[in-house]
Amino acid sequence: MSRYKKMFQKLSFLKEGCFVPFVVIGDPSLEMSLKIIETLIENGADALELGIPFSDPLADGPIIQKASLRALYKKNTFLQCFELIENIRNKYLHLPIGILLYANLVYNYGIKNFYYQCFRSGLDSVLIADIPIEEYEPFYKIANQYNINSIFICPPDADDSLLSKISLYAKGYIYLLSRPGVTGIEKKTISLSNIFIEKIKKYNSLPLLQGFGIENPTQIQKSILSGTNGVICGSAIIDIIEKNLNKEKKMINEIKNFTSKLKKATKFVQS
């Protein structure tokens, strides 16, 4: 049984939603990145979604773009990102860990070499943000060879054709967008309709995680009540990092408190 499946089963038994933080590896440095990730895990993260820094992250808003640039400025290599992931895996054996990255990084490394490296590092899933699902077949085949779950983004206006295609390839969970566009720009986060959630579930039985604009407990509870299994939160955490670049202790303390607060919001009694 996969780590994702075990995690979702456990959370279902506990009547909790899933809280998945997103940060960019190497922001603001590899050393601090490791401390930040460990803080997230120790204060309630049920799984991790980690960004591999890229110079032109089209799906990301300004907050995450700046995080990528800070990481790239440190000249961390692709392999160093995987080494950090391996360190986390060795310490947290049962934690689901996924990465989000862009296709150029995969092509430059070689598709087969990339997925082999994911396997070696102990990764559970890969989300390639800019590969259309119609072009995913070669990635999917090799991902399956190495037991790497393929994660797909599902927008709130997805039609039957897209939902059908996602159902063919998706494994682990489905990443539901709160709204169209890029991450972290608009303050308004759409509450996904129960009708839309039920429509997705007709095509796929995978757990659903809502992302884009998640930053407070009320949003998390609304998301779970709408029928999702939990949330992914990135920009709000990275904003804490950016505001405390020269105050490391304050940064870690704020991340600790924020993570605990958001995880606590997943534990309300669901009707």
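Along the chain as shown, the residues are counted starting at 1.
Using N, Cα and C of the backbone, Cβ positions are placed for all residues, glycine too.
Values in this document were obtained by computation on a predicted structure and should not be read as measured data.
In the three-state DSSP assignment, the secondary structure recorded for Glu49 (active site, proton acceptor) is strand. Residues within less than 8 Å, Cβ to Cβ, of Glu49 (active site, proton acceptor) and separated from it by at least 6 positions along the same chain comprise Val20, Pro21, Phe22, Gly98, Ile99, Leu100, Leu127, Ile232, Gly234. Taken from Swiss-Prot, the feature active site, proton acceptor covers Glu49 (among others).
Under the three-state DSSP scheme, Asp60 (active site, proton acceptor) falls in the coil class. Its Cβ taken as reference, Asp60 (active site, proton acceptor) is surrounded by 26 other Cβ atoms within 10 Å in the chains shown. As annotated by Swiss-Prot, active site, proton acceptor applies to Asp60 (among others).
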